[in-house]
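Reading through the structure tokens given below for one structure.
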Amino acid sequence: MGNEASYQTELCNHFDQEEIRRLGKSFRKLDLDKSGSLSIEEFMRLPELQQNPLVGRVIDIFDTDGNGEVDFHEFIVGTSQFSVKGDEEQKLRFAFRIYDMDNDGFISNGELFQVLKMMVGNNLKDWQLQQLVDKSILVLDKDGDGRISFEEFSDVVKTMEIHKKLVVFVEHGQEDLKA
């Protein structure tokens, strides 16, 4: 993992050195096989993610090198987006990337369907979910191109103040992550 103290300046993240030290301790606790990276199974040990149907998408976004695991560098960069000191734009971009599965800068009808399906499971029939997706695209797609841009997404999500809910607290004296 290297010297945790160097990560603050190296990564331009929003954590101070003490927070990075505590995150390092949490990371090592999660890294059961001591490989220096977290598998999806190890990542799922975070209580906040155990019941989250989007955990796979979160890991995909954290895993910037695409190797299927999250190393300490990716862990710090990923969790830094949720720091109380993180800016609204970063949090909105993260939320957008949950839906933008192919990372092309737009949320398509199919991508919205896939992500919502992860969230609702079998609670809605596919045709009901598709109606919801179609209506959402119709309402959110201001330029009429059939997909949702980051700007269109942000216009709606900003009014919900979701960025204030996308926060990780690194508490003093407690080594667990809180979301």
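Using the three backbone atoms N, Cα and C, a Cβ is placed for every residue, glycine included.
If you check Swiss-Prot, you get these features:
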type    : residues                               : note
BINDING : Asp31, Asp33, Ser35, Ser37, Glu42      : Ca(2+) 1 binding site
BINDING : Asp63, Asp65, Asn67, Glu69, Glu74      : Ca(2+) 2 binding site
BINDING : Asp141, Asp143, Asp145, Arg147, Glu152 : Ca(2+) 4 binding site
LIPID   : Gly2                                   : N-myristoyl glycine
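Spatially close to Asp143 (Ca(2+) 4 binding site) yet at least six residues away along the chain are Ser149, Glu152, judged by Cβ distances under 8 angstroms. Here the candidates are the binding-site residues Ser35, Ser37, Glu42, Asp145. The one whose C-alpha lies nearest to that of Asp65 (Ca(2+) 2 binding site) is Ser37. Figure note: comparing Cβ neighbours within 10 Å for the binding-site residues Asp31, Asp33, Asp65, Glu74, the maximum is reached by Asp31. Of all the binding-site residues given, namely Glu42, Asp63, Asp141, Asp145, the one with the smallest number of surrounding CB atoms inside 10 A is Asp145. Under the three-state DSSP scheme, Ser37 (Ca(2+) 1 binding site) falls in the strand class.
In the three-state DSSP scheme, Arg147 (Ca(2+) 4 binding site) is classed as coil. The Ca(2+) 2 site is set by Asp63, Asp65, Asn67, Glu69, Glu74; from the centre of their CB atoms, other residues of the chain with a CB within 8 Å are Ser37, Phe62, Thr64, Gly66, Gly68, Val70, Asp71. Comparing Glu74 (Ca(2+) 2 binding site) with Asp31 (Ca(2+) 1 binding site), their Cα atoms are 14 Å apart once rounded. A Cα-Cα distance of 12 Å separates Asp33 (Ca(2+) 1 binding site) from Glu69 (Ca(2+) 2 binding site). Asp65 (Ca(2+) 2 binding site) falls within neither a helix nor a strand when secondary structure is assigned with DSSP, and so counts as coil.
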